[in-house]
Amino acid sequence: MWSAGCMEQWMPTAAMVTTNVVIAIMTALIKQALNQGMNRLVLITFRQMVATVFLGPIAYFKERKMRPKFTTEIFMYMFLSGILGPVLLQYTLFVGLDYTTATFAATFSNMLPVVTFLISLAFRFEALEVRSMSGSAKISGTLISLGGAMMLTFYKGSALTHTTSSISPAASSSGHGQAGGQHGTVRWVLGSVSMLANVVGFALWLLLQRKFTKKYPAVYSATAFMSLFSFIQAGALTLSIQRSTIAVWALRGTVEIVTVVYCGVVASGMGYLLLTYCVEKRGPVFTAAFSPLSQIFVAGIDLFILHEPLYLGSVLGSVLVIVGLYLVLWGKKEEAASKTVALAKPVQAEIEQQDKV
């Protein structure tokens, strides 16, 4: 009995650690595939095709008795979710990975709770009590995270490792002179802007899902349909851009094949199921608190396998982003606890009044 309870308690933690390992391996594989010249839109198309084939049967058998009616409104939600989520978000992520490093991209992803909080505040989905401890923590965490993002973008600093990278301004400068260094810096800034667009788009997509899941609570079916729509959208976009180049669709080498299968089945399929399980068991704050783990795993793969350089600016910016992330999460947790206590007080008072009678 104790063993079963212990397992129930630690399963969400184990699931989140596994999820972050999955994300780290996915990021490294995508980086390698892009370095070998794989087309970004082709990668998105194949990934969503595999995810559709994997999730479709699961959604059909698991939710066939509870799937809501397919209306025009539901269709529009799925269409927008597909084009904003898997297509645009993956494309900006791939550009960021191509122009920077896997560690850098993982660090920027840690800003998601902060950016989501800011957008929710702007649309009045979330309130902010400035004078409370939780409100002060969320404001401080947001400012610290934004400061870390600025440092990541505009301050690279000296290399802390002796590895070289094709995107490093320092390396470019030594190999191609001042013009090469400036080109490397421009690529780094463009990659940073792309990752910022990715995080902002992801936050908007999450807010869209918040409304969509209320209208269509069959999450497996919704994800399968979204994968199908994004597969068609990405495929149509790729065909319109690369209509004269058939060779771009050919998967060359083991890395590209493994990347497509892994991203479609493990990352989009199993990874989503693990995330859904953790959110259901422990809530979104618990889930978001594990996001820095993926950065640590990615940094290890980046440094020891991909041999990407590690810069001082990346380390300092990462520390600021993670500190800001945990301040925002702590503020949200305290705010949720205060609301729970406030809601419980009238009930407790009513119980005490009945006891007196």
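Cβ coordinates are placed from backbone N, Cα and C, and glycine is handled just like the others.
TrEMBL has this to say about the protein:
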TRANSMEM  12-30  transmembrane segment
DOMAIN    16-137  domain 'EamA'
TRANSMEM  42-62  transmembrane segment
TRANSMEM  74-93  transmembrane segment
TRANSMEM  99-123  transmembrane segment
TRANSMEM  135-155  transmembrane segment
TRANSMEM  188-207  transmembrane segment
DOMAIN    191-329  domain 'EamA'
TRANSMEM  219-237  transmembrane segment
TRANSMEM  257-278  transmembrane segment
TRANSMEM  285-305  transmembrane segment
TRANSMEM  311-329  transmembrane segment
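Residues 81, 84-85, 88-89, 92-93, 95-100, 104-105, 108-109, 111-112, 115-116, 118-120, 123, 125, 149, 152-154, 156, 167, 169 of the same chain lie 6+ residues outside the transmembrane segment (188-207) yet bring a C-beta within less than 8 angstroms of a C-beta in it. Confidence over the domain 'EamA' (191-329), given as mean pLDDT on the 0 to 100 scale, stands at 83. Packing against the transmembrane segment (257-278) from elsewhere in the chain are residues 12, 15-16, 18-19, 22-23, 25-26, 29-30, 32-33, 38, 43, 46-51, 53-55, 58, 219, 223, 227, 251, 286-287: each is 6 or more residues past its ends and has a CB under 8 Å from a CB in it. The DSSP breakdown of the domain 'EamA' (191-329), given as helix, strand and coil counts, is 118 helix, 1 strand, 20 coil.
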